[in-house]
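Asks: Here's a structure for you.
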Amino acid sequence: MEIVILAVVIALVAVGLISGLVVSSRKKKQLPPSAPSSTPTITPPAEPRVGEEAETPRDEARRTTEEVGLPGGTPVEETPVVIEPEAPRLEVPEPTAGRLVRLRARLARSQNSLGKGLLTLLSRDNLDEDTWEEIEDTLLTADVGVAPTQELVERLRERVRVLGTRTPDELRTLLREELVTLLGPELDREVKTEGGEGTPGVVMVVGVNGTGKTTTTGKLARVLVADGRSVVLGAADTFRAAAADQLQTWGERVGARTVRGPEAGDPASIAFDAVKEGIAEGADVVLIDTAGRLHTKTGLMDELGKVKRVVEKHGPLDEILLVLDATTGQNGLVQARVFAEVVDITGIVLTKLDGTAKGGIVIAVQRELGVPVKLIGLGEGPDDLAPFEPGAFVDALIGD
Ligand code: GDP
């Protein structure tokens, strides 16, 4: 009996030992081959793909030291390399001078329908009534507006008559001069950001949602940073949920802080806080993005009026820029009229001129509001906002 019990015990011990060996050898197989037990947890590198060599920890250490700029890629034995999370890298926006010239090709559509179209018509041997009508139609189709079109045609007719025979160069010069005159070369197009004694310049950006208001505010921050100014952004467009995030992203790229409030919060209090922050930081300029709901004129007036009044508790505003989408043509002019009745617009930003053949809207909108176009948007890129220069604009339309 005792012998039987002893044999059973020996058998059990033997089975236990064998299964233990199997389990532990399985466990070993699951561990990476050379991982010492004291190594801190490292996210395992991705499995090497076919044709790639597996990277050993030593390779990793060498690569890391090369990345942090240690000489010669000397491997640092056993010393864990701590990499601080990178601070967001600031972008250096393009200088603003000459941007319109750089972006002139973007006006291709307006160039073909307005500039080249006019030159072709004016070059005809016989400038009869029909041709003058075609010239008029070309201007109207490009959204130049009725009154400016008539003025231009009248002046062109007179000068062509005086000129007699015309060379292509003479025609180009003549058309250039008349178009530039219509654009008001004498108008002051500087975006004012002086501010007061110890207070930043304050610019309010208004316009219907979708016109490119938030994008323009972001691009304008870059224009100012490019010109060496420090900027604080106020995200007072609390109507569109993503507007504050969008603005903050623009700001972060150039090191401008964004003041924002709760979703659907009070735009006026955010605008007020933004200027307060600007003063506290000693910033040069505060840019305030607003919501442009054209629900009712009274609603718009109440909202923008309140933002303006509240901001002005800190000091007067330097600019109220109206953003208009050039592709909306006459509809844009109607919007412009409504906004001009609600607040005193001091400058116009015409966006999306890269997407329209109707470059003449620049002339029409200035006439409509009696306010200069100060900036134009020529694309979705971060530096596709250019100070408006009548001469360079006309040169882009008709070619030098
Ligand atoms: P908001 O609602 O007025 O603030 O409009 P957003 O700033 O969000 O802009 C609406 C859209 O217009 C975005 O897709 C912008 O990238 C685009 N946009 C703005 N300015 C321009 C421009 O000058 N050219 C082009 N092609 N697109 C633009």
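Our numbering is plain: 1 for the first residue shown, then up by one each step along the chain.
Backbone N, Cα and C define each Cβ position, glycine as well.
Okay, these came from TrEMBL:
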type	residues	note
BINDING	207-214, 289-293, 351-354	GTP binding site
COMPBIAS	49-66	compositional bias 'Basic and acidic residues'
DOMAIN	372-385	domain 'SRP54-type proteins GTP-binding'
REGION	26-78	region 'Disordered'
Asks: Neighbour count first, Cβ atoms within 10 Å, every protein chain included; then name which of LYS213, THR290, ARG293, LEU353 tops the list of binding-site residues.
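Replies: That would be THR290, with the highest Cβ count within 10 Å.
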Asks: So which of the binding-site residues GLY210, LYS213, THR290, ARG293 sit close to ligand 1, that is, with a CB under 6 Å from an atom of it?
Replies: GLY210, LYS213
Asks: With H, G and I counted as helix, E and B as strand and the rest as coil, say where DSSP puts LYS213 (GTP binding site).
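Replies: Looking at the DSSP assignment, LYS213 (GTP binding site) belongs to a helix.
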Asks: In sequence order, which residues at least six apart in the same chain have a CB under 8 Å from the CB of GLY207 (GTP binding site)?
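Replies: Those within reach of GLY207 (GTP binding site), by Cβ under 8 Å and sequence separation of 6 or more, are LYS213, THR216, GLY292, LEU322, VAL323, LEU324, GLN335, PHE339, VAL349.
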Asks: Just to be sure I understand, if DSSP states are collapsed into helix, strand and coil, how many residues of the domain 'SRP54-type proteins GTP-binding' (372-385) fall in each?
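Replies: Across the domain 'SRP54-type proteins GTP-binding' (372-385), the residues distribute as 0 helix, 6 strand, 8 coil.
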